[in-house]
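Colleague: Okay, so TrEMBL annotates it like this:
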ACT_SITE  GLU80  active site, proton acceptor
ACT_SITE  LYS179  active site, proton donor
ACT_SITE  CYS212  active site, nucleophile
DOMAIN    31-307  domain 'CN hydrolase'
SIGNAL    1-22  signal peptide
Amino acid sequence: MLPSQPLLLTGVLALVVLQALASDTFIAAVYEHAVILPEPTEEPVSPNDALALMNKNMDVLEGAIKEAAQQGAHIIVTPEDGIYGWQFTRESIYPYLEDIPDPEVNWIPCTDPSRFGPAPVQERLSCMARNNSIYVVANIGDKKLCNSSDPGCPSDGRYQYNTDVVFDPEGKLVARYHKYNLFMVEVQFNYPKEPEAVTFETPFGKFGIFTCFDILFYEPAVVLVSKMQVDTVLFPTAWMNVLPFLTAVEFHSAWAMGMHVNFLAANTHRTSLAMTGSGIYAPDGARTYSYNMKTEDGRLLVAELDAHPRLSPASPSAVNWSSYALNVERFSPNDHDFTGIIFHDQFTFTELTKPGGNLTVCQKDLCCHLSYKMARKRDDEVYVLGAFDGLHVVEGQYYLQICTLLKCKSTDRDTCGQPVEMAQTEFEMFSLSGTFGTNYVFPEVLYSGVQLAPGEFEVLNDGRLISKTKPTKPVVTVTLFGRWYEKD
């Protein structure tokens, strides 16, 4: 029997809608900027001198924005500190700040620059967006007056915030975010009284935004994805790379995969501070990225993304991160476990002494399981399987559960956990899993030369991170980086 005409039309329309959603894409851009810095001073410079410095940086950013627009980009993200740099005191940064209103005021600074007082930086950013018909994301400083009736008001009578702004293709201010998790050296800024979950709608999905150190905490990072259901996260950052796990490109790519969102990360570029690493990441891996510790050049990256990644056929399915590890028998017992330090945290290690096999290493409630086969066991390279289950307390306090296969810096086991960028050992296969107590686990594979491995590994539904290529490229680290927010 043939279906009735109304049912047939309904089915066809539904199919058309689904196909439209599945093919809905946009072009994203990020710019890694070699920031022009002011001369370090504890005394405030004049407003004119501050603006002159910021205009030098905005000249560079404007060139990148024009180029991105010419390549068809719908949105571009620029870095944290990208307009005035860093190394400020609370007093010396003041001339660089502007009063940034709530986006609800419906303001286009390019056409009405003096509506809220002097705002030359917002005016210029707004005009960049308007003149190039592109969303522009930038990081600047906000100032808000307060008085003695506010018990939290600083003694100088003002709040100062590390702030992200977003201007739409008409130049309208559509988002303002005050960084909630300040890094320990950001003494020039105040903490907002409450965390902000900032989102805005576009023709190509729902966007959220936060800044740098925020990524390691539940608010606002997880809230935006899990509760606000954003499709894409915008991420201005000034990220100082810390091998083996907190290198910008590997951690940001892993976060996008673990959270199942698009992630646009724009880093500042200064090799003397190990600042580099920007990328455009999707839930199934990096679309494009750059890590450059050799030159001081800026870099524009442009790539196409699915506007609604959760609806994409390529979107990873849900993972039970402890399913396999909790049900497998513990692999061969270790008689030679030892400890080592990675970024101030004490790991438990066991060495991969054979060309292949199965290993388990445990710390507290976390047991990490590894099955592996090396393409060739080298005598000049040592690899270990490591586990860490505890509270990290150095530049902030956050609870971690980490399983990692990593190359040691030398054949001396005391170097295991020290930063390593180069390796020569290839693997025929690896499979890494752990008994995680959290569902927030971020999978990382880093090859020699700080290269990512998009499409060359996958995470199975039972929580195993497995290799897909035979052999792999030389491996620096394979990691499941767990954040147990509830235990912080």
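Glycine residues also receive a Cβ, built from the backbone N, Cα and C atoms like all the rest.
Have a look at these and tell me how they're positioned relative to everything else.
Modeller: Taking Cβ-Cβ distances under 8 Å and a sequence gap of 6 or more within the same chain, the neighbours of GLU80 (active site, proton acceptor) are ASN139, ASN162, ASP164, THR211, CYS212, PRO236, THR237, ALA238, THR268.
Around the Cβ of LYS179 (active site, proton donor), a 10 Å sphere holds 26 further Cβ atoms from the protein chains shown.
The Cβ of CYS212 (active site, nucleophile) has 25 neighbouring Cβ atoms from other residues within 10 Å, across all protein chains displayed.
The average per-residue pLDDT of the prediction over the domain 'CN hydrolase' (31-307) is 97, rounded to a whole number.
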